[in-house]
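Feature annotations, courtesy of Swiss-Prot:
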- 7-46: repeat 'WD 1' (REPEAT)
- 52-93: repeat 'WD 2' (REPEAT)
- 100-141: repeat 'WD 3' (REPEAT)
- 146-201: repeat 'WD 4' (REPEAT)
- 208-250: repeat 'WD 5' (REPEAT)
- 257-296: repeat 'WD 6' (REPEAT)
């Protein structure tokens, strides 16, 4: 395990490895992003410090390497910045700025690469925006109302084998765009692209939490059935599954509530392990047993 000390001058809000697990991007309330090369299991090297935001930076997201060394970031300043590293100079620069939100942008998430270079953004203004980075260098976006008093996070549905058998033209691929959002209205919503309306339509509304839903994560594996995890300020994590009739059902991850607010939830790449972090400063791991119940799979030891 690599431990990086004194990385930022203020709270660190996100830390994300790239596709290959060789580079780490971190972001902080100090308004900077730092890029590290990870060398083995113990060594690291700071290679860049990126400045451009005017407020705390909440989240960063690496694009798939097929699009190059590209990073998206979002901030309290209401901006989404797209950064690109020039391979010859290894210098980072801002190549796009997304400024259509009227409040803090709380999360950014790249679509499955099969769907193209598409970025999903959520904001405290209650809206969600989806930005397309087109092959000709232009961008286009759709923005719509999602959660009246603020959207906290979003997660794309995985690109399925059934999707991949259809045509690869842009309009057909748009039909396979599907994602889930969560908000300060205690709700979780699933959205799908509507080709007739040319925007995203609400497919389902999931009710189960009694306080703000802070994070949502769609499992990257749909081999058995879809799984969505939601973490809430009500100190619970819910696991949502879809039955054969298309209805969504939820079950609590644990019988007892967590000791504090649940901030984040994240699936392993294989989709069988769920990590949960909360206000108790712990990261716990969970796995579904053969009876369909969720049980502890350990705890990540944090350096204090």
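Backbone N, Cα and C atoms are what each Cβ position is placed from, and that goes for glycine too.
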Please indicate, using numbers and ranges, the residues of the same chain that are 6 or more beyond the repeat 'WD 2' (52-93) and have a C-beta under 8 Å from a C-beta there. 10-11, 13-14, 16-20, 23, 25-29, 31-33, 35, 99, 101-110, 113, 117, 119, 121, 123, 131, 133
Run through the repeat 'WD 4' (146-201) and tell me, per DSSP, how many residues are helix, strand and coil. 9 helix, 23 strand, 24 coil
Taking every residue in the repeat 'WD 4' (146-201), what is their average pLDDT? 87
